[in-house]
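Peer 1: The structure that follows is given in the form of structure tokens.
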Amino acid sequence: MRAYSTAIVTTLLAQLAQSTTPGVVLWDIHKEKKPQHLSRFQKRASTYEEIISNEQMRGGYFATCRLGTPAQNLTLQLDTGSSDIWVPDSGAKACSNAQTGGCSLGSFSPSKSSTFHVVGKGQFNISYVDGSSSNGDYFTDVFEIGGATLNNMTMGLGLKTDIPYGLVGVGYDINEAIVGTTQSLSSVYPNLPVNMVNEGLINTVAYSLWLNDLDASAGSILFGGIDTEKYAGDLTSIKIYPTQDNFYTSFLVALTSLHAVSPTGEDTLTSKQFPVPVVLDSGTTLTYLPTDLAQQVWKEVGAIYAPEFQVAVLPCDMKSSKGYFSFGFAGPRGPRIDVRMDELVLDMTTGQPPVFASGPYEGRDVCEFGIQNFTSAPYLLGDTFLRSAYVVYDLANNQIGIAATEFNSTKSNIVAFPSLSAPIPSATVAPDQDKVPDQPAYTTPAYAARPGFMGEEGGEENAAVCSRGLDWVKTQGHSFDLLSPIVFVRATKMRVIRAIAALNSGRAVGSRHAVRTITSALASRAALVGASSPQCASPYSFQLSGLRCFSTSHFRAASSAAEAALQQAKELAAANMTPEAAAARMSPEELKRISRVRNIGIAAHIDSGKTTVTERILFYTGRVKAIHEVRGKDGVGAKMDSMELERERGITIQSAATFCDWKKGEETYHLNLIDTPGHIDFTIEVERAMRVLDGAVMVLCAVSGVQSQTITVDRQMKRYNVPRISFVNKMDRMGANPFKAVEMINSKLKIPAAAIQIPIGAEKEFEGVVDIINMKAIRNDGHRGMNVKVSNTIPEHLKELAEQKRQELIEKLADVDDEIAEMYLEEKTPTPEQIKAAIRRATIACKFTPVLMGSALADKCIQPMLDAVCDYLPNPSETYNVALDRSKGEQPVQLLPYNSLPFVGLAFKLEENPYGQLTYMRVYQGSLKKGQYLFNARTDKKVRIPRIVRMHANEMEDVNEIGAGEICAVFGVECASGDTFTDGRLPYGMTSMYVPESVMSLSIKPKRSSDADAFSKAMNRFMREDPTFRLHVDEESEETIISGMGELHLDIYVERLRREYKVECETGKPRVAYRETITKRAEFDYLLKRQTGGPGDYARVIGWIEPNSENPEANHFETRVVGGTIPDKYLSACGKGFEEACLKGPLLGHKVIGASMVITDGATHVTDSSDYAFNLATQMAFRKAFKEAGGIVLEPLMKTTITAPAEFQGNVLMLMNKRGNIVDTEVGADEFTMIAECSLNAMFGFSTHLRAATQGKGEFSMEFSHYAPAPPHLQKELVAQYEKELEAKRTK
């Protein structure tokens, strides 16, 4: 059954809003002896009609469908309490059993259908408490409803079944409509009503069910509409209640009253359980009520509860009783349905009935009573109730429409639901439903109606019979014994009770209550064990059910056993998934594997040498055979810069993933490596890399130290709690000072840091480093520094410095690690092993970063950095990764990288590839195998993984399986960046990455109209791949506007359009993302009053607007209306009007932020007021008061960092004085760094001016800082320009 939570319904509305085909599908129901005559589909008034049969004793509604190509006729049972469609296979044993009549209602032969396709091999399995079952494959095929066709219906095929007919479930599709190796909420496939909407046959997921002729048991099910001539009185809408997990899984409504009515009087029956939660289930024959309520009903009609039979019985001639029971729903003014006694007295057999041998009922035939007792909620209203009711099941709005059935009506007036979100046509919402929780007083009835029910035989003497045994019941000279197969089993989970009945004539039929166990296979087996049946034995000559032998165990004992078995199964399944249990099951090989995995990223400021460092890592690990430089003379370029634009410009534009193995001593470590861009315009690439990495190497320039983008990267690492080691690169450059970089990490990044190496030489004399932990000298020699020489001899002039820096390291560790702190206080000297252990603990806890140094371009000291990655950065089991358990209100749950746990993975990056969409995925838990099915937690869609690859920049290596903690890429998965995937066993979702707002926009259009398709395709691809790249069409100018993180960002995409899609584009002037706000309070009293010939528009709103002091970046709406001058329904329209007004401000048409609106009073008109009028009045009031509230324009200020040679400091200073405020300046030996806050509008074209002022040697980067008021003269210019544009459009 599908759980229609708010989010899921919203998604379904969005998916199905495109359906414009009106109509309903009508499936008639009637009773026929020959199954082939059951199908009577026909179109009438945009509907389709089908016949379904129902029999009082057997329960269930039966209808014939057409399946496959060419079509095969099958008669299936209709069930509102389930959602699967399943059919018996023609080769099943049940279909060849001559004793039971075989599959007389038809079976399906897959080999005869050309459109048959298996989608879940061996995954279909339905089990029943009495031991019957059906299992086989899930498949898709054509499913016909008269002239209408469902082309891709998912169904179960009963290859091994002892049930000779199938079932059509039309309940919520999360209940049982599941395909996959596991059962979970995320593995749901569309059931019959949802598919009808998808195919355009009906407009909404709703249907109505009723009987036309009670005697003939003929009626209809109408998909997508109602028939107003088939019910008597008013059709009333009542709400369906969700389960405790807030999922809608069954048609659970509130039964709030029950009255017994007869010619002698009326009794109000009460229960301590009121309001009683009851499920409307057409698949069950009987009605089950709380025990105290059922006992009152039994006393009214003189029914006797037989403990040996576990049912209430009464004389069969009570069918002619003049009394009836009136069921009330949804409160005191809700609908009431009357059920006559002839619907509640059921034959026990189709042969000779048993008789009462003694007592007040002596000589009269024994029948089963249609109202039975049950001990726990939810309770059940089965066919004995539903045959008297006209019921509309609205699954989209979670409503039930109910009325008394107009039996034998010859008229018809079908009304379709006009849309998916439309309410039930012609239905009135039951008033006072909020009073449903009020529990009425529990009283003992006067039983004034009892004599009228009992007739002349009624009397108090019958009460004594209830306590007697059944020795007085006989059948053809024999008394029932305890092995009689008419005894019934009660399933413990009432919401999934099903009535299954054989249609073989001449056989007694009992109510078959089946439990679909979808928790796990273990739970299913446990349920069967808990309710096992004894061997059948029937010494009597009259025939009882030949198909089924039911358990004779006591009702409560059976219920308790099944309940205990199911609970034990759930607890065992949950226990097997705990971290402790999973760790205990892990093999030594898996433990060793995970301990040797490192998922790391290389991140830094632009031009710090990230890609050069990565190239050396790949070379020294043997992943590449030769080193190629960024902007190299050979024209090849670095391996990780695979895009042509990257090699031309010498910058990294997209993050690139690779993998390699590093041998450290006797151990081999597996590294998953992501090289990230350094430019702020491509910060999203760093953002999503940090989201999935366990550790990082932060590269710094030995000359510049911490730069602007270094601070941004640090912020991203802290956002996702990514441990890092720091590598000071470019030690061979003039002015290199690694200790300056260490100090800047401590002071600017606010993270404790200390060097674990000191350099041997500097600048051109740089030779290697001294490891101050082990006090050894490390140098590189040989081709490309392949050989690492480690010496115990430290240069004499460095010994003192080494000891000093070692002491600083210990002191810094004492601040962040308790063990070292204790040793430091005791004046003990830690050993190298203790220092390394402390560094690892503090680094993994994000309390410390060890600093290493070297020169990637000079091929020096990269190998020690790789050793540090293995020594100090965590493996996947040492990081704290969490998912959100959606079944527990998004409670955080830790994920563990064990292969034995259920799979959880995150798609963090998308790429278009010649083979389709390539999805980068981090496997957090479980393992991923080729061909495995996964479920998207966001869309609830099932996807198959046809291909798994490991990425090496733009090259791919196919693999069959990926273990927990790894990073891979998969093909064939349609998803969005940030989607969570599971194998279906866990209802988990994961938080996505942070996506910054775009700061710059420009208009764009293809030069040639013939390029429109390629342009559209490219835009869709770019937006899917890059969440910071956005596109929209301006409603007024009808221009296509693209937005991004800066000039370079947008310039790259325009260039990619030209190169990859051969689309030449024209771009307009870059647009700044201005904002508007207010500075003071202003009151308003706005009256909207206009007449348009028909109903007019009238709305008056009074209140004020003022700055939002709590959050200057957000808007706030509040209502303080008293006395109901504005009804609540109009107040919500006012709120929407405020939101719409803030989307397009009065000054420039840009968004309004930091505004608060309060409505205190207003007025309405009887006929002219509407949601639209109040929405519009609020917008107009806001616009009118905006100027009085001191409306101003805000402009984005950018944190701009300029680096250039010191000789050009004066030129740069003059440039920046015109554009913003200088915040800080640092002057080094040969270059300076200037930090300023500048208006984005003033920075257009700045790169050209900077190059001219610094002879091409200067560089800059920008990052959005905050919004601030624009200069007054600029505000006037912008407002005047906007008004001029509006005037030009009005005069067109």
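Note that Cβ sites are derived from N, Cα and C of the backbone, with glycine treated the same way.
Just so you know, TrEMBL annotations are computer predictions that nobody has curated.
Summarising the annotation, TrEMBL assigns active site to Asp79, Asp281. Residues or ranges marked as GTP binding site in TrEMBL: 604-611, 675-679, 729-732. Sequence annotations record features per position, and here TrEMBL assigns disulfide bond to Cys316-Cys367. Per TrEMBL, the feature domain 'Tr-type G' maps to 595-877. Here TrEMBL flags 1-19 as signal peptide.
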Peer 1: What recorded positions in the list Asp281, Cys316, Cys367, Thr676, His679, Met731 lie within 10 angstroms of Asp79 (active site), counting C-alpha atoms?
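Peer 2: Asp281, listed in sequence order.
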Peer 1: Of Asp281, Asp607, Lys610, Thr676, which is closest to Cys316 (disulfide bond) if I measure between C-alpha atoms? They're all recorded positions.
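Peer 2: Going through Asp281, Asp607, Lys610, Thr676 one by one, the closest to Cys316 (disulfide bond) is Asp281.
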Peer 1: Going by C-alpha distance, which of the binding-site residues Ala604, Asp607, Lys610, Thr676, His679 is nearest to Asp281 (active site)?
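Peer 2: It is Thr676, whose Cα lies nearest.
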Peer 1: Among the recorded positions listed here, Cys367, Ala604, which has the most company in the form of other Cβ atoms within 10 Å of its Cβ?
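Peer 2: Max Cβ neighbours within 10 Å, all protein chains included: Ala604.
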Peer 1: Could you tell me which of these recorded positions, Asp79, Asp281, Asp607, has the fewest other Cβ atoms within 10 Å of its Cβ?
Peer 2: Asp607
Peer 1: For the recorded positions Cys316, Met731, work out the Cβ neighbour count at 10 Å and name the residue with the minimum.
Peer 2: Cys316
Peer 1: How many Å separate the Cα atoms of Asp607 (GTP binding site) and Cys367 (disulfide bond)?
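Peer 2: Their Cα atoms are separated by 90 Å.
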Peer 1: Determine, to the nearest whole angstrom, how far the Cα atom of Ala604 (GTP binding site) is from the Cα atom of Cys367 (disulfide bond).
Peer 2: 83
Peer 1: Which residue, of the binding-site residues Lys610, His679, has its CB surrounded by the fewest other CB atoms within 10 A?
Peer 2: His679
Peer 1: Calculate the per-residue pLDDT averaged over the domain 'Tr-type G' (595-877) and state the result as an integer.
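Peer 2: Here the predicted model's pLDDT, averaged over the domain 'Tr-type G' (595-877), is 90.
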Peer 1: What is the interatomic distance between the Cα atoms of His679 (GTP binding site) and Cys367 (disulfide bond), given in whole Å?
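Peer 2: About 83 Å separate the Cα atoms of these two residues.
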Peer 1: Measuring Cα to Cα, how many Å separate Cys367 (disulfide bond) from Met731 (GTP binding site)?
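Peer 2: Counting only the Cα atoms, the answer is 97 Å.
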Peer 1: List the residues of the same chain that sit at least 6 positions away from Thr676 (GTP binding site) in sequence and have their Cβ under 8 Å from its Cβ, in sequence order, or write 'none'.
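Peer 2: Long-range Cβ contacts: Gly601, Ile602, Ala603, Lys610, Thr652, Ser655, Glu685, Val686, Ala689.
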